[in-house]
């Protein structure tokens, strides 16, 4: 083979490679997100302002943080629906302890640890007893939320110090960049690197795609999943703290229903509900897409009700469209084979 | 045993396979195969593993649709949209792997789809129970029709499958290795029932690796090799040797080269290993440079023993020592760290992560070693994968393609690459050549042989007797979970391995 | 493999802790500096300023799907029309504390002039409301107050004292001066319900009400079904109950519906605060003898006028300032920026048909 | 032979019955304790209230049980109830002359249509039921909200015969309870004694084997989702009749209670086992717990926590029973 021919072939390969990469759902979603952001900035009044940017970041803060460990869990083929309730219980405990006179500096780590313990309970039920994670976490969803109400009742604790509440809602040097964006970026980078550039991350995909083969390759499947639930709980606990500080209000019903938004964002970001597939950039794009759509539609005075329809439809479509694409491709290949056979 | 002569001129074909082709991705499983099944005749379908027999069965069952070619029932072309259509056409199938509903009772499993009904179109449970009991009496087995199918032994599951097929009073009965897990008595009963069905005018298609069963039951045989039709002839016209030669396509002796090597020190010592209900009191040793084969019937506990040794399964009693040190039980990671590698039996479920890329699969057990400062970069993995796949002459497109797009043989090479990359001292290979083409098979055998020559200890679990006889320095035969015989290469013959596996005396 | 992961993880956790602790050492409830973003006060008011036209007035009720809310903001819409302003209604589907915040943020972006808000949680909405005020938006709390330091004025439907007294008066009349009574409230942290209940308790402690015994306060969360079931629970637990007082429109309707369809009808009296349209059926069938309410449409109406007065500089929220509110006449800003609508109306079988809201 | 054959049968039926007996036992204990501390708990009115409250949950649980038995889940039932309740309430307030039967049929139809959408997406779109019904949970609720806006249909706008339907009784049994009994009984009969019912069990027990056995998986699955949707729709009609006040939020979050009732009632989330009667009992147990807490004056906030703990307890118990059965069967085999 001449060098020239080889060069041509390599170029072909490169083009194919680029096309193949672009055709995956996570890159579609990233492009779609960029598209929505650009279109909204130009067509929706007040969308592109720095203040709106701050608001949007604050609105997506809980979703994006909880989505990080949720991505890991769904990649391994499990699910954690109890995150929002863990958040609520952490918030309740925060309020309770604050009323007891503990210092906020000791409350915050306690809440994170409480979250980790709640996650460990999920993890034990799923990996230790081998129960289905969907059922377990629906159960703990009710349990943790119930306990949150038991701890704090229906009341609210509000008088958190401004140093902290102000930090959560504030921006860096009163510029356009919210303080919490730093936190989001740092955590997203850590989770992204772990998922995509460590042996641990590799093992998550293997577990999700084929847990048995992963086990045969020396991956400690149960232990890995257990720790994922612990991390998920800890992050949910942390988000409970942030939520409480953002709204200056510790309440048992904080974050109710958040799990649906998180799962929707993760699936929208191209993570397969069956496990084994997905990318963190895709998930981030999914979160931003949902938040931007909501924000833009709200600025256009579209009711929150219609947002529900959009969220639900996107969730279903994120799985349906790739499926349809695959089946069209197989039908097409079969046709081609048949044609080739009859010729 | 002698062949029972069937009717001399069977008339028009009850079911006919006409020039059928079926591919899965890049793998052509069946290519241009045609043969007829006649009413009142038992027809054997033979071929090596991966020759395409099960694909034919699944097309006849309506599970797969042929890419090209057609099926015909009573001379009329049919297209099965699903198993329901095949069932409606009077085709009953006994699959290789039992397909029972674990939560339902045995009687319900048998009756599923055509339960006896009362006048209100409700299910007549009494009749259903009686029906199952009658079938079991006919098969001469004792299974409680009211117990759930969950927890049945493999043999009992197979018997329920057979009862299920009988209950549908099918005109065509397809049996894909129904006897693999059955005892001699049960096989005799099954054959008696099958003969009766055949004589009542049913068409039988019978798949088996046991030639004595084929000669005892069948009138006609179709031989397949690598997805292609080799021949269809009366069983009486072919000797067993003829059949094997046509199945394999070349002489056996050339296939399995084992170089003589110097046997080194003991690598693996298994002592009194047992697991409740699976295997008991299994002891053996393996030394460097040696290939030890574990032979026996399906379900004899061979894979289970090796999986317990490697740590993917637990064991209840006994001990495993590796290079003189006790090995932690139940930890594949410890086994890998000590220098053990297991190429498992089921490539799709255990050996590979089909959706992941080739390179990820190759480097999966090694990803920690490849990481720098805890971080993995694609380049290191790609280098490693490139090196090993090219050493094993794996035919592939891109390393980033999902491993599921490769052919069976190349997939097996990826599994081997994955484990050889860990630089093991003991390589356990479980059915190393199942479902791969003849050429690759020879390559795999050559590889194993050269690995042993380099001082690797090899344990090979295999159901293919020629492979066992050709490759192994020593053979350990398991039957029903315990060691039935230990044979050296010199002692081993096809007969004495088989008889030990089946628990019968040599009566030649 | 896991180890490196853990290392990264613990590094992350540590940096978070540092973030938390570095800010200051040991902030507790007692030491907390809780000033918040200082509300700008002392703005000067010009009582003679002309009401501006074209003001953008947005209403953000507790939640959207609530008939009482509809009537309230309906009044606001009428007033906005009279003021030649732009009326807008937004709101969450559920009465949760945090969901209002996003809507406030959106309203800030849309540069409204006035936000009328019924706060689901007096504190949760505070930071956002203060941002709105920094952006020059006037905040009128109505129905349910936000914290004093993050709104300009609060439209109080009636004085807390007045409502509490009238609830006890009705209960006492219906019970015949003695017996067990129970309260079916909204949520346990509902600002105004709690204030009224406090007054009721003080009233009940007075000697003339000594024979009335408050046995329980139940919470129906302003959820119809929940209130319905809480009413059931009250009657099961307290067989001698004479009156259920429900100071919330959802609660009184649910309790009335339950009693009217059960064999407690005629034995237990229901009273409290309700909407005439919702209660008409139960007044007519005798389940309910009397209940009270102010006209909710007037609250929204007054809120819109107060907002316009603020935005036009007529008032600044200081005590003693006066402004005109269309058909309702002149109002004076009271202590802490409160503007009181007026006394509630009592509804009975005789007068209920005169009201349609 | 007979000895070995029949012994495990008794053992098994024993273990299976333990599941429903456990719920009944829990019910008896709970009712006994509550009644001891407050005898009015057993008054006619109180029992009637509990049964009325159970009825709606039980109707939905029957449909959900069928879906879960096929190894799927329908999380959209709460939203379907809301949609159906609002549709029917609006229709009845606009046309007060319509008979109750029409209301029920419309409710069934609305729910059935929602079920068709779910079923088609699950079967033909090959989207997992969890994702589909999570999505349609949002969508159906969104549709109801967009349609209803801030509207509410009040009791006084609804025709009298519609409202009294909830409380009218036949032979002392309220219609609502009667309907729930018929639904649970009918679905239970269908699942136990008819071919299609057994096929649904088979599909949940082993989806692959069901395909191979020639079961019309697509038809059955669609049927299961339509049934679940239609029953949620029926529950919507009952909801509107019972509570009289319907807004767009009706039934929000109810899916959790329905799933809880089914799981607590012994229907395994892996599919293939459990009974519709069990699901009905589960619904009764959850309702009784709610009522008891109110009567016993226990902080109502404990209720949700108890529901959660019960779900977990139930799946743990199921796993335990499954392990026991497997072990006893293996023992039996090794003796033969």
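Even glycines carry a Cβ here, placed using N, Cα and C.
TrEMBL lists transmembrane segment at one of the ranges D:3-20, D:21-38, namely D:21-38. Range D:221-243 is the one annotated as transmembrane segment, of D:198-220, D:221-243 (source: TrEMBL). Using a cut-off of 8 Å between Cβ atoms, the transmembrane segment (D:249-269) and the transmembrane segment (D:169-191) share fewer than three residue pairs, counting only pairs 6 or more apart in sequence. At the 8 Å Cβ cutoff, the transmembrane segment (D:221-243) and the transmembrane segment (D:98-122) share at least 3 close pairs (sequence separation 6 or more) and count as touching. Proximity of distant same-chain residues to the transmembrane segment (D:98-122), defined by a Cβ-Cβ separation under 8 Å and at least 6 residues beyond the stretch ends, is recorded for 72, 74, 76, 80-81, 83-85, 87-88, 91-92, 128-129, 132-133, 136, 140, 159, 161-162, 165, 221-234, 236-237, 240-241. When Cβ-Cβ distances under 8 Å to the transmembrane segment (D:276-295) are tallied for each of D:21-38, D:50-68, D:129-149, D:169-191, D:301-322, the top count falls to D:50-68.
The largest share of C-beta pairs under 8 angstroms with the transmembrane segment (D:50-68) comes from D:169-191, of the ranges D:21-38, D:129-149, D:169-191, D:301-322. Non-local neighbours of the transmembrane segment (D:301-322) in the same chain are 15-16, 18-19, 22, 256-257, 259-260, 263-266, 268-269, 285-286, 289-290, 293; each lies 6+ residues outside the stretch with a CB under 8 Å from one of its CB atoms.
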